[in-house]
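Going by TrEMBL, these are the annotated features:
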- GLU332: active site, proton donor (ACT_SITE)
- CYS61-CYS110: disulfide bond (DISULFID)
- CYS285-CYS337: disulfide bond (DISULFID)
- CYS515-CYS532: disulfide bond (DISULFID)
- 31-155: domain 'Beta-hexosaminidase eukaryotic type N-terminal' (DOMAIN)
- 176-496: domain 'Glycoside hydrolase family 20 catalytic' (DOMAIN)
- 1-19: signal peptide (SIGNAL)
Amino acid sequence: MKAALVVVAVWVGVSGVMGGNPQVKPTVGQVWPSPQMQQPNKTYVIVRPETFKFTTTGHDCDILRNATQRYMKIMFPTKGSRRSPIQPWSKTEAFTGYLDEVTINLMAPCEEKPYHDMDEHYQIKIDSPDAQGTGTIMAQSIWGILRGLETFSQMLIPDGSAFMVNSTQIMDFPRFGHRGLMLDTSRHYLPVAVLKENLDLMAMNKFNVFHWHLVDDQSFPYVSTAFPNLSKLGAYTERHIYTPANVAEIVEYARLRGIRVLPEFDTPGHTQSWGPGQPGLLTPCYTGSTPSGTFGPINPINEDNYNFLKDFFTEVTTKRFTDHYVHLGGDEVSFGCWESNPNITAYMAEHNITGDYSKLEQVYITKLLDVIAHLPNKNGYLVWQEVFDNGVKIANDTIVHVWKGGSKASEEMNKVTKAGYQTILSSCWYLNYINYGVDWHGYYDCDPTDFKGTDAQKQLVLGGEACMWGEYVDRTNLIARTWPRASVVAEKLWSAFDQTQSTDAATPRLEEHRCRLLGRGYGVEPLWPSFCEADI
């Protein structure tokens, strides 16, 4: 658990910086992502760490108890873990008293785990009618309480050994229900501690979906008890793995922060690491009439493979991951090996699809989707856009994940929603693509509903995900490269449309938020020449 300190940001504008950053005065005590509705006041109350406490009314549960303890540590780190606030605060507005208690009113029983389209509404009211201020965080759901606690923690303004909080009212809720961040743990293994650090940062930015791209061509770190050879022969080493206990630890850590864990097992391509541990799964490639000794995508004509996939995904969805949805991938399938294999050529001729390898892919995906539809938990699924593009018949409740960029993204969003499917967008939020200078403006200018389509079509847009692919990212640079750039995506997916139209307006708030995260102990990278009190 990271010890934390809310830090006032100080920004110095530098002429000639790539991106043309203007000189701006940083905000103080502003919330990121921006709340939907906020009514500030000209009065402030004093919060003293030694006397402040949270009290609860209404319902209670382990998630709430864990959260209040966690946020007390975030707001008021133990002496010596981080230095006390040293930046004096010079507001001239009136101080009206002390805020020694904030009441948390959870109005409905706790739900056990986060889920798609959960209720995240909350209200905050900080009054100062007399010398003793009062504060309330209220929500129908525990998930709203979690979001409200994060907002309140960001409202604290350091002032010597105490803090100031504006007398304000906030009514807040997310614009989109799916606000995700994808991490790739195949190209480079990410230790559990780093995944937890990232989950902390996700909660501090109100993300609610950790899309875990567990395995790929390069390695298979996921340990299956039903098929132990997959990781034994497919992981980089016997140490570069996620055991069942590791997975349970991540799922629980995320649950306590109101974050779903969405596992992805991408097939039929991106599966080279599966092959050593599951003989017969991959397609043998040929050179002429002779096997070349190499392998391609999953062999779609081997019926035994579907029995394997049934048992594998049964374990994934009933014993490892608790979310209703699983991501099935389906992108970037190379047809070269299929084309070379004489058994596949004969199968395609027998089924009147000779030469049409998209139809062969459709055979595989159709059978896989039938496997998923008959799992014990009747799971829903997401697929990358190629599954839709290739004309595969998918269930009406399939979520299509759009990732291809440029003008194609808006065209794809229009096509997918016009066909009646729900969708999420990632095309403009590939954080692994980096540029010298200020590169977050493009993230802020992107919007999932920016396509030609009817209002009914745009209602099918569930949100989006930032993606951090792992070819050049490991434990040494994941946090710095992802944050605070992912924070920009978080605000686009949470805040109202009309609140996220100006990068100039966002700039001083983002700088304050970056310094806040740095002050909480996270190694988030700078956005431009600047400094924070937490630098030293």
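Just so you know, glycine gets a Cβ as well, placed from its N, Cα and C.
Automatic prediction, not curation, is the source of TrEMBL annotations.
For the disulfide-bonded residues CYS61, CYS110, CYS337, the largest tally of other C-beta atoms within 10 A is found at CYS337.
For CYS532 (disulfide bond), the Cβ neighbour count at a 10 Å cut-off comes to 23, with all displayed protein chains included. Cβ environment of CYS285 (disulfide bond): PRO291, SER292, THR294, PHE295, GLY296, GLY336, CYS337, SER340, ASN341 lie under 8 Å away, each six or more residues apart in the same chain. Averaged across the domain 'Glycoside hydrolase family 20 catalytic' (176-496), pLDDT in this predicted model comes to 96. The sparsest Cβ neighbourhood within 10 Å, among the listed recorded positions (GLU332, CYS515), is found at GLU332. Counting in whole angstrom, CYS532 (disulfide bond) lies 43 from GLU332 (active site, proton donor) by their C-alpha atoms. Looking at CYS61 (disulfide bond) and the residue listed as 'active site, proton donor', their Cα atoms lie 44 Å from each other.
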